Amino acid sequence: MSITPREIVSELDAHIIGQTEAKRAVAIALRNRWRRMQLSEDLRQEVTPKNILMIGPTGVGKTEIARRLAKLAQAPFIKVEATKFTEVGYVGKEVDSIIKDLTEVSMKLVKEQAVEKNRIRAQDAAEDRILDVLLPPAKDQWGNVQETDNASTRQIFRKKLREGSLDDKEIDIDVASQVNVEIMTPPGMEEMTSQLQSLFEGMSPNKTQKRKMKIKDALKVMLDEEAAKLVNQEELKQQAIEAVEQHGIVFIDEIDKICKKSGNSGGDVSREGVQRDLLPIIEGSTVNTKYGMVKTDHILFICSGAFQIARPSDLLPELQGRLPIHVELKSLTKADFERILTEPNASLTLQYRELMKTEGVTIEFTQDGISKIAESAFRVNEKTENIGARRLHTVLERLMDGISFDANERAGEHIVIDEKYVATALNDVVENEDLSRFIL
C-alpha cells in the first residue's frame, strides 16, 4: 500500500477530531511498512518496526484511530484488550493467541482476495450449474448431448439470471454437505477445539445433499463452492503467513490495566506475567499456528492506555524499551466537542438527522444549539468522570429522548434544536449541580 502519511492523516481527519500527533505517528509507522518493502532483502530483515505507545484519557480517540487504521491498512489487523490475557499457567487466554488470531484474520483476508480474483470464472461456473438445473442438456436417442439446439436458450436464461428476473424461483441443487461439530472446551484451549473440529471434518467423506432454495441463494452457495475449487489452499496458507509477518498490525488496548501500580505491594496475579509474556512476541519470536510457524519480528505493535492510576513508567522496563515511540493524546475541549458534533463524515448530528428523517421528521441543529450541547457535555465531564467524546452520546440521547419516542406521530414536522431548546431539555444539567443521572 503506497498511501502517503499526509493522505493517511487526511483520511483520519475525516473521522477523528484533533490528536494530530497520534495521527502522524501511526501514519509514519504505516508508511514505513511500505518503505521497508522497497529495500533489498538483506537490509529489509534488519529494519524493524518502531512500536507505538499511545497515552491519553478515555474517549479521546485512541481506539477510533486503531479502528480507522485497520480499514486504511488493507493488511492483517487485530485489536485486543490486554486484560483478556493471563500468564502462562493460569486459566485464560495466553498472549500467543494474539498471533494465532491475527493469522486467522490474514487467512480470511487472502482468501477473500483470491475469491475476488477468480470471481468471474467462479461466476460463470456457478451460472452453468444453475442453468444445468433449469435446462437439463437435451440428449438424442443414443444419449449424446445436443448442444446446438440448447445453446441459444441457455443464453436467454443466462441473461435473465444476470438481470435477476429468476431470483425468486426455487430449484433443487446438489451442495456439498458439511459436518458441523461443536466442541466445548475450557477457556485457553481454543486451539485444541479448532484442531479437533478440523480432524472430524476431515474424516467425513465429500458427500453432497439436495437442497431446495431460491435461485439468488443457490447462486451464492455455488459461487462459494466454485471459488473454493479455484483456490490453492496451501498457497493461501503461505500468503497468509507472509502477510502477517511483513504487514501485520496488532493494537493492544488497556495496556495500563496490566501495570503493577506504584507503591502497591499486593499480589497482582499474572499482571507482570502477561507483560513478560508479551516481551518476546513484541521483540520478535516464532509462534506456532495451525497454518504454520509465524515470525513476529516485523509485526507492528500499537499499545494504548489511559494511565490514570498507573503510569507508563510502571510498565516493565524491557517492555517500555520495546515501545520506543510515545504519543500523548490530549483531553478534549468544548471547541473539540463542537467539531465532533459537526465535522466528521458521519457526525452525531448527521446520524440523528438521518434517523429522524426515516420517520418523516426534519431536524435542524443551529450553531448556538450545537455550542450549548458541547458546553453541557464538557461541563458534565468536568464535574464528574471525564469520559471524553463518549459523553456526547449520553447528552444527545437525553436531548433527543422526547423526539425519538414520538417521532412516528410527528411526521412532517420541522424541529429546530437551538440554544433555548437545548437549555430546556437539559435543564437539570444547566441549573443543577446534581449530575448523577448523567454518570454512565
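Every residue gets a Cβ built from N, Cα and C, even glycine.
According to Swiss-Prot, the feature ATP binding site maps to Ile17, Gly59, Val60, Gly61, Lys62, Thr63, Glu64, Asp253, Glu318, Arg390, an assignment based on sequence analysis. In the three-state DSSP scheme, Ile17 (ATP binding site) is classed as coil.
According to its DSSP assignment, Val60 (ATP binding site) is coil. Taking every protein chain shown into account, Ile17, Val60 are the binding-site residues, and of these the Cβ with the most other Cβ atoms within 10 Å belongs to Val60.
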